[in-house]
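As listed in TrEMBL for this protein:
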type: TRANSMEM; residues: 35-59; note: transmembrane segment
type: TRANSMEM; residues: 71-92; note: transmembrane segment
type: TRANSMEM; residues: 104-122; note: transmembrane segment
type: TRANSMEM; residues: 128-145; note: transmembrane segment
type: REGION; residues: 245-300; note: region 'Disordered'
type: COMPBIAS; residues: 247-270; note: compositional bias 'Pro residues'
type: COMPBIAS; residues: 273-283; note: compositional bias 'Basic residues'
type: REGION; residues: 335-370; note: region 'Disordered'
type: COMPBIAS; residues: 339-348; note: compositional bias 'Low complexity'
Amino acid sequence: MDEARTAPTLATPLAPAPYAEAPVSQAPLTRAQRVLAGAGGLFFAGLAGLGGYGSFASVQDVAEPWFGDQAWIVPAGVDLGILALVSVALLLEWLAMPMPALRWMAFAFTAATVWLNVSAAHGDATGMVMHAAMPVLFVTFIEAVRHAIRRRAGIAAGIVREGVPVARWLLAPFSTFRLWRRMVLWQITSYPRALDAEQRRRHALALLGDHYGRKWKSRAPADVVWMLRDGVMLDQALVRVTALTAPEPPRPPEPEPAPAPAPPPAPAPEKPARRKGPAKKAPQRSQSARGQMPRSVATDNEARALGIIAAEPGITGAELGRRLDISARQGQRLLSRLARPAPAAAEPAPDPAPEAAREPAGETAATSAP
């Protein structure tokens, strides 16, 4: 499968990959470590001196038939070349700029030296082992130093990838291979960081599967699917997945409507003037018109009705009945009765007694006349 996939175009630029290893500052060597390193350097110098001295004579004897008096140039040149190549190779490893060609060239010259030393033994097995022992020790020591320098410089620069434990390969070979593949493809050098990234990726997959169902790949956003499929930008992917699968917040309760303001109290009605004479018969008619309504209630309704009619002259009988808590028919009757003008006070009838007294007198006078 082609690993060069093109990321989907997004409306906003993506953040840089969260797995770019930042350079790590290495702690300096302790006093004991420096002492041990110095002792190892002294032993290496002694080994190199003894090996060079023993190899010099053996290689010179082998090269003498071809070089004559100049045979010493061959062992001297080979040994100096090995030291130069090893020194430069170690320096480049320290600078995090390894050059494998220098290392393999130093191995080639060391192998040539071993071969020349073995040839000086003339087929004797014991002599061949003794001639090859010191060059092999020299190469082994150089490789140990190179490994230490490479690891320390690589860890500091963030380019050395940690290995996956063998037990994981045995227990989960397929998932371990996918984990190792992502470490190689996306330059994840830390094994714990790779494990954390895998756990977050599986968490995001579980959230999408629970929210969208089995067809989450076709329902989820394309950029999120791409991030989770290739295992990149998982910090941003998990944020997006959390936002997509978060439950909707509950809607706030709708505010209750404010109660309608109470109507202003009606003004107190003025007491109607008492009517004299025949005007006193009006309450009796209203009482008979109201039927069974108690007299106290009727009087209170009349007083309230007068106040309402005074405040609102054009009020209808139905509205008046609604305000007085009586039927519309009773309100109309009450409105008609109260709106009718009061009858004028009747003039007192002339007293017929004086006229009756005068009539007999007249009649007496007429009778008594001749």
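From the backbone N, Cα and C atoms, a Cβ is placed for every residue, glycine too.
Where the annotation comes from TrEMBL, it is an automatic prediction and has not been curated.
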If you count Cβ pairs under 8 Å, which stretch among 71-92, 104-122, 128-145 touches the transmembrane segment (35-59) the most?
128-145
Give the nonlocal contacts of the transmembrane segment (71-92) in its own chain as ranges (CB under 8 Å, at least six residues past its ends).
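Same-chain contacts beyond the ends: 48, 52, 55-61, 63-64, 98-99, 102-103, 105-106, 109-110, 112-113, 116, 138, 142, 145-146, 149.
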